[in-house]
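Below you'll find the structure, written out as structure tokens, and then a few comments.
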């Protein structure tokens with residue numbers, strides 16, 4: 001086990017004193033790193049995610065290179081779907097493609113339940129490898145939220161408008177709610193296994209839920225999110241982060257959920273979130289596109305986010321979405337260093 005562990009992010013969430021604002025980046029592990037690209041010359045994505053030693057190496061890289069205050073497990077949100085009977089393929093340049101999309105309640109009934117130790121042992125072995133031997137910061141495990149997973153399963157892949165997903169909600173509530181309940185059960189088991197293997201925080205990615213209005217979120221999603229988070233927390237007292245894109249209209253609904261940290265994209269400032277009555281620890285929220293700008297521009301955009309975060313008192317610095325491949329590793333290192341220096345208590 002690691003001694004003198006950097007638990008800044010956990011302290012921030014608990015409301016304890018910290019020496020600086022903690023920082024990590026969504027998608028910090030993977031495609032923007034030259035070491036990862038070199039690895040991809042020899043190994044496929046499947047190889048990297050299914051071999052614990054390789055996956056642990058990729059997960060650990062940003063902590064070494066950028067000095068982040070947390071690591072996030074290098075996996076795909078589709079990981080728990082294949083074992084339950086979803087024929088999913090990750091296609092380069094497209095993303096997840098589902099070859100057996102959900103159309104009827106019979107399709108939902110065909111789905112099996114997940115047994116993480118049997119079905120995804122490589123996930124748990126990666127976590128154990130990181131937490132038992134190497135990592136000096138908390139490890140974030142994660143899952144896709146039921147709506148976001150369902151949208152892929154119904155649409156058959158990425159979508160811009162989620163027409164088929166919404167149509168199922170409106171036209172066939174029995175199938176919709178059966179799918180939601182099944183995905184909550186899967187996610188609870190998957191996340192619980194990650195925590196029991198050594199993950200110290202969980203982030204739920206509800207990437208596409210911003211496609212829904214408030215009324216539909218309350219009816220079709222919120223009860224299932226409450227059950228998912230409550231059941232996980234009922235088993236383990238683990239901090240839960242929730243993040244989605246373009247979902248600022250749902251911010252008060254999210255604040256009602258039993259989460260610990262609310263992730264903001266770049267469209268809503270920390271001050272605006274406070275004015276809307278958000279009481280959770282806030283995470284975010286630099287527009288990742290700014291990372292392609294000159295350093296003086298990046299620095300000027302960082303300051304108001306960090307100032308508002310320090311004024312709020314409960315802030316984890318992150319981007320408003322994931323790191324993309326064109327971002328230079330040196331830029332991420334400088335951002336992390338600037339956050340640590342600028343917010344030094």
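Each Cβ is built from the backbone N, Cα and C atoms, and glycine gets one as well.
As given in Swiss-Prot:
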type	residues	note
BINDING	27, 28, 29, 30, 31, 46, 76, 152, 207, 321	substrate binding site
SITE	76	site 'Transition state stabilizer'
Among 27, 31, the most crowded of the binding-site residues [Cβ within 10 Å]: 27
CB within-chain contacts under 8 A for residue 207 (substrate binding site), separation at least 6: 77, 144, 145, 148, 243, 244, 245
Distant-in-sequence Cβ neighbours of residue 29 (substrate binding site), under 8 Å, six or more positions away: 36, 58, 59, 61, 62, 71, 72, 74
Secondary structure at residue 27 (substrate binding site), reduced by DSSP to three states: coil
